[in-house]
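Presented below is the structure to which this report refers.
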Amino acid sequence: MPENIAFLTNSTDLGHVGRALGSSARPAWAIAVLASVLIFTTVVDVLGNLLVIISVFRNRKLRNAGNVFVVSLAFADLVVAFYPYPLVLYAIFHDGWSLGETQCKISGFLMGLSVIGSVFNITGIAINRYCYICHSFAYGRLYSFRNTLLLVALIWALTVLAILPNFFVGSLSYDPRVYSCTFTQTASSSYTVVVVVVHFLVPIAVVTFCYLRIWVLVIQVRRKVKSEERSRVRPSDLRNFVTMFVVFVLFAICWAPLNLIGLVVAINPEVMAPRVPEWLFVVSYFMAYFNSCLNAIIYGLLNRNFRKEYVRIMTAVWIPRRFVTETSRAATDGMRSKPSPAINNNE
């Protein structure tokens, strides 16, 4: 009980700080824009990623071992939409945090779970693409349905382990500038550097290596005259690769500013933190938030099977009987089909 009272007092202080630093200085239109962006992000996040998961479940062409990574990534994006984002909206509308320490810690934990889970799943997808295109002979053995489930389980186990140190470092707290309980970059300079390197730079390096190797192979194959070399990379495989490459690029663009700010602040928190313009910090955070709703849109724009399934699902919503019938038929069709790579057989 005393801890809750102390936290509420601190939260009140933070609320005053937030009003001093930004909330009172921000015009009503700025707050309305932030709320509108987050509402849009949350709605599209929920609807889009549910469409992804249902599409994989319903469509035999999408239902394969490799697409487990895609579903896992969709789940990571859904985590923030169901809990942290609504609490951020609550803080925006109430100009501060009044939900207590427990809610703050849970929100910060789930935010981290979603972010790191997304990074690790995107890395897993890149490695999957690399193995399928560059090491196709070993792919079937490496990515059996059982092995894929184990790899996804490993990804989430590593994600949880990566978040746990935050509770010991004390880096999860309410930041009034972004109305969110989140990772505090000024809690520990060394820990901030480790977080940026391990949770962002290393995965980005791994994904970049995988996709560069794929691009090199694609270029080499296109220059070959032999038919057997050209057939190694089918047009559908290339389109699928481009889809996931776009997902990666958008993730990197949305999260790079915030991670760069973290590295700059870590150099000397007391000196550098006040020099970071508040508008830049807020924009970088909301760019990161916005990324959670983009993947489902990319699948729909660049992938014909996902696009068709989206239309079928949205149409069937108006005819519930048809939806139930088609879903039941899909659930019993092709469940034991040969495992294939992420978004394989899609156009």
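Note: Cβ is positioned from N, Cα and C throughout, glycine not excepted.
As the structure is a computational prediction, the values presented were derived from the model and not from experiment.
Residues or ranges marked as disulfide bond by Swiss-Prot: C104-C181. Sequence-distant contacts of C181 (disulfide bond), defined as residues of its own chain at least six apart whose C-beta falls under 8 angstroms from its C-beta, comprise P84, L87, W97, Q103, C104, K105, S107, G108, M111, L172, S173, Y174, D175.
Feature annotation from Swiss-Prot assigns N-linked glycosylation site to N10.
Taken from Swiss-Prot, the feature topological domain 'Extracellular' applies to 1-36 (among others).
Taken from Swiss-Prot, the feature topological domain 'Cytoplasmic' covers 58-72 (among others), and the record attributes it to sequence analysis.
The feature topological domain 'Extracellular' is assigned by Swiss-Prot to 94-105 (among others).
Summarising the annotation, Swiss-Prot assigns topological domain 'Cytoplasmic' to 127-148 (among others) and lists sequence analysis as the type of evidence.
In the topological domain 'Extracellular' (170-191), the DSSP tally of helix, strand and coil residues is 3 helix, 8 strand, 11 coil. Residues or ranges marked as topological domain 'Extracellular' by Swiss-Prot: 170-191 (among others).
Annotation source Swiss-Prot lists topological domain 'Cytoplasmic' at 213-244 (among others). Taking the topological domain 'Cytoplasmic' (213-244) as a whole, pLDDT averages 72 in the prediction.
The topological domain 'Extracellular' annotation in Swiss-Prot covers 266-278 (among others). When Cβ-Cβ distances below 8 Å are used as the criterion, the topological domain 'Extracellular' (266-278) is approached by residues 21-22, 177, 185-186, 189-190, 192-193, 196 of the same chain, each at least six residues removed from its ends.
The feature topological domain 'Cytoplasmic' is assigned by Swiss-Prot to 300-347 (among others), with sequence analysis given as support.
As annotated by Swiss-Prot, transmembrane segment applies to 37-57 (among others).
With a cut-off of 8 Å between Cβ atoms, the residues of this chain six or more beyond the transmembrane segment (73-93) that come close are 31, 34-35, 38-39, 41-42, 45-46, 49-50, 52-53, 99, 103, 106-108, 110-111, 113-115, 117-118, 121-122, 125, 174, 178-181, 289, 292-293, 295-296. The transmembrane segment annotation in Swiss-Prot covers 73-93 (among others).
Under the heading transmembrane segment, Swiss-Prot lists 106-126 (among others), citing sequence analysis as support.
Marked as transmembrane segment by Swiss-Prot: 149-169 (among others). Long-range Cβ contacts of the transmembrane segment (149-169) within its own chain (Cβ-Cβ under 8 Å, at least 6 residues beyond either end) map to 65, 68-69, 72, 105, 108-109, 112-113, 116-117, 120-121, 124, 183, 187-188, 191, 198-199.
Feature annotation from Swiss-Prot assigns transmembrane segment to 192-212 (among others); the stated evidence is sequence analysis. Under 8 Å from some Cβ of the transmembrane segment (192-212) lie the Cβ atoms of residues 115-116, 119-120, 122-123, 126-127, 129-130, 162, 171, 183, 185-186, 241, 245, 248, 252, 255, 259, 262-263, 265-266, all in the same chain and six or more residues away from its ends.
As annotated by Swiss-Prot, transmembrane segment applies to 245-265 (among others), with the evidence given as sequence analysis. Same-chain neighbours of the transmembrane segment (245-265): 115, 118-119, 122, 125-126, 185-186, 192-193, 195-196, 200-201, 204, 207, 211, 272-273, 276, 280-281, 283-285, 287-288, 290-291, 294-295, 298, 302, counting only residues six or more beyond its ends whose CB sits under 8 Å from a CB of the stretch.
Residues 69-70, 72-73, 75-77, 79-80, 83-84, 87-88, 151-152, 155-156, 158-160, 162-163, 166, 172-173, 180-183, 199-200, 203, 206-207, 210-211, 244, 247-248, 251, 255, 288, 291-292, 342 of the same chain lie 6 or more positions beyond the ends of the transmembrane segment (106-126) yet place their CB under 8 Å from a CB of it. Helix, strand and coil counts from DSSP across the topological domain 'Cytoplasmic' (127-148) read 19 helix, 0 strand, 3 coil. Cβ-based neighbour count (10 Å, all protein chains) for C104 (disulfide bond) stands at 21.
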